[in-house]
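If you check Swiss-Prot, you get these features:
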type     : residues                           : note
DOMAIN   : 65-270                             : domain 'Protein kinase'
BINDING  : 72-77, K93, 158-164, 206-207, D220 : ATP binding site
BINDING  : E76, D220                          : Mg(2+) 1 binding site
ACT_SITE : D202                               : active site, proton acceptor
BINDING  : N207, D220                         : Mg(2+) 2 binding site
Amino acid sequence: MRHHEWVPLDEIVRKAKMPEKDVLYRLKRLNKFGFVVRSTYGYAVSMGGYDALAINAFVKKGILKAIGNKLGVGKEGDVYTVLLSDGREAVLKFHKHGRTCFTRGKRYRGYLADKHHISWLYVSRLTAEREFEILNELFPIVKVPEPIEWNRHAIIMGKVVGEELKRLDLSEFMSKEEIKDLFWKIIEEVKKAYEIGYIHGDLSEFNILLDENGDFVIIDWPQAVPKYHPDAEFYLKRDIWNVIRYFKKYKIDKEDEKIDVDKIFEYITK
């Protein structure tokens, strides 16, 4: 999978160390259930099959007990509620990258820059691994989901509660002073992440979740870049601007001259 989208039958037979007729029988059944797909070039694991492999690995490790409802479908994956073997509720995120995401990834993500002839499933695995590693470095200092386990293209994270800022009208339940306080709390988390060594790189109202108690969590970190990245200033200033842009509709910037991209950039990086 790392080197092919389609694996030739003879290679599968060689790896399986089984008679060809037995391999074909099993491949036919896997294809029937949608776990593999077939073409004139060979066979490939389907996204559903890759999901099943990751789920099976979590179950065999004694981590996962049950999968619940789908919470949503994001730009880069599907998210489900899950029940862990220790009784905790958590979140299961499957990274799923098509050709468009991969093209974007090769252009912007350093950890994919030297990967050329690899499958889309392997790209999904790399991004999941990358996000898990970053969350491990940020949690619990930064308000991010707790990383629990990773396998293939899937990550199990601590339960996340809240709504995207995009879906909320903060003025309905917060005063202007509380809204301004929330803005600066988000900036503080951006600063903490920077001090650890990372810039989110795609921060916006779509990946900041706010709960009913006014607490928040920042999600979606696979595209994060190190603070020593050649384009670090561009990404950090873009993140800052995206947060300012969202809060501008509440006019908090009119009363606080510190709410400025360059001033906040200097504050974060000093």
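From the backbone N, Cα and C atoms, a Cβ is placed for every residue, glycine too.
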Nearest to D220 (Mg(2+) 1 binding site) in three-dimensional space, by Cα, is which of the binding-site residues G72, K93, V160, E163, N207? N207
Determine the mean pLDDT over the domain 'Protein kinase' (65-270), rounding to the nearest whole number. 91
Neighbour tally for N207 (ATP binding site), based on other Cβ positions within 10 Å of its Cβ: 19
Taking each of the recorded positions E163, D202, D220 in turn and counting other Cβ atoms within 10 Å of its Cβ, which one has the fewest? E163
What Cα-Cα separation, expressed in whole Å, is found between E163 (ATP binding site) and D202 (active site, proton acceptor)? 18
Cβ neighbours of K93 (ATP binding site) where a neighbour is any other Cβ within 10 Å: 28
Note: in the chain of G72 (ATP binding site), residues six or more apart in sequence with C-beta under 8 angstroms of its C-beta are D78, V79
Sequence gap of 6 or more, Cβ distance under 8 Å: name the residues on the same chain that satisfy this around V160 (ATP binding site), in order along the sequence. V91, P145, L209, V217, I219
Between the Cα atoms of K93 (ATP binding site) and the residue listed as 'active site, proton acceptor', what distance do you get, rounded to the nearest Å? 18
